[in-house]
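Listed in Swiss-Prot for this protein:
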BINDING   34, 167, 171  L-tyrosine binding site
MOTIF     39-48  motif ''HIGH' region'
MOTIF     227-231  motif ''KMSKS' region'
BINDING   230  ATP binding site
DOMAIN    339-404  domain 'S4 RNA-binding'
């Protein structure tokens with residue numbers, strides 16, 4: 001099975017610029033392709049996993065990925081899929097974020113000699129001469145055509161800054177630079193990047209007289225069309241300091257029944273026969289498929305050891321087996337005895353704010369050792385400490401252990 005057939009079967013592909021040509025190209029040659037990642041945060045998140053998995057599938061088939069870190073484009077901010085302008089970051093923040101992205105990418109992509117390339121578009125964008133850029137690149141873009149792009153259409157009513165309007169030119173120029181430097185003939189990205197990718201394909205044709213290609217992927221959404229990887233707390237991050245491996249595991253363990261097969265196909269390397277078998281499970285049996293999904297995605301992102309720990313923690317809490325030591329734990333001192341539960345949990349970062357803690361108690365959603373906390377002013381009592389620990393539960397499924405130091 002060709003890599004294109006694999007990507008189609010698993011449900012990655014949204015659009016392609018030249019489907020038949022791409023099919024022949026990927027079968028006959030080993031190509032260089034790229035995907036861009038603007039380092040606008042200090043960690044990759046679940047939404048990036050589709051691009052990462054596609055790169056990994058392509059690399060396994062012998063093609064060479066370029067991971068392009070947007071050290072230059074992040075200074076502008078991509079308006080695609082945005083209803084408002086992104087917060088402007090400093091160059092120092094972007095450089096720090098790019099370094100974090102780089103380390104995370106190495107978990108998924110083999111960067112050994114000749115296998116893959118890591119680049120940063122700051123290398124060529126930051127030194128551009130504005131007049132020369134307009135004469136050399138800007139001349140090939142018509143404003144009429146640019147305004148037809150979905151990314152700009154959705155922003156015209158609310159206001160699109162000239163800064164953001166330049167983003168398409170910058171991304172197209174990236175593709176041209178990578179074509180010239182590395183013979184990169186294909187750009188891939190999320191489906192919200194379609195207009196920007198086409199702009200790059202056309203720029204290469206106009207400047208070099210050569211054919212380049214584009215491919216976009218589906219966005220990671222639930223069966224209800226909502227973005228996957230978002231919770232009440234915010235994004236599900238790939239950095240274990242921002243989202244613990246246990247929280248990460250639990251997110252996948254608790255996704256909707258209708259989303260299990262899609263997530264298994266897109267976010268694991270399990271054979272499709274197994275994916276389909278797991279996807280056919282119903283009622284209580286679907287929980288087995290969710291456990292497989294949670295373990296496989298956690299293993300991919302955090303490694304097998306952390307995935308096993310998360311699995312054991314979940315078993316300890318929800319099935320009465322396993323080991324409590326793997327449940328997310330926070331050390332606290334003995335002087336918590338007699339203090340308000342809300343204050344202690346806020347200081348231990350179990351709740352984001354004291355008002356959120358009070359709201360949780362009023363709604364009957366906070367438990368200490370599986371006993372509901374009834375009063376917002378309730379204090380920690382000595383008898384709550386069992387074997388030097390207090391088990392805290394928020395809602396139905398979020399657990400934390402407070403380890404009381406002697």
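For all residues, glycine too, the Cβ spot is worked out from N, Cα and C.
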> Out of 34, 167, which of the binding-site residues is least crowded by other Cβ atoms within 10 Å?
Replying inline: 167
>> Let me spell it out: take the motif ''HIGH' region' (39-48), skip the flanking residues so only those 6+ beyond its ends count, and list any with a Cβ under 8 Å from a Cβ in it.
In response: 69-71, 74, 77, 86, 89, 94, 96-98, 100-101, 104-105, 219-220, 227-229, 235-239, 242, 251
> Can you count the other CB atoms that lie within 10 A of the CB of residue 171 (L-tyrosine binding site)?
Replying inline: 27
> What is the pLDDT of the domain 'S4 RNA-binding' (339-404) when averaged and given as a whole number?
Replying inline: 91
> Can you tell me how far the Cα of the residue listed as 'ATP binding site' sits from the Cα of residue 167 (L-tyrosine binding site), in Å?
Replying inline: 26
>> Let me make sure I understand the span of the L-tyrosine site: among 34, 167, 171, what is the greatest distance between any two Cα atoms, in Å?
In response: 17
>> Is it possible to list how many residues within the domain 'S4 RNA-binding' (339-404) are helical, extended or coil according to DSSP?
In response: 19 helix, 21 strand, 26 coil
>> Around the C-beta of the residue listed as 'ATP binding site', how many further C-beta atoms are within 10 angstroms, looking at every protein chain?
In response: 15
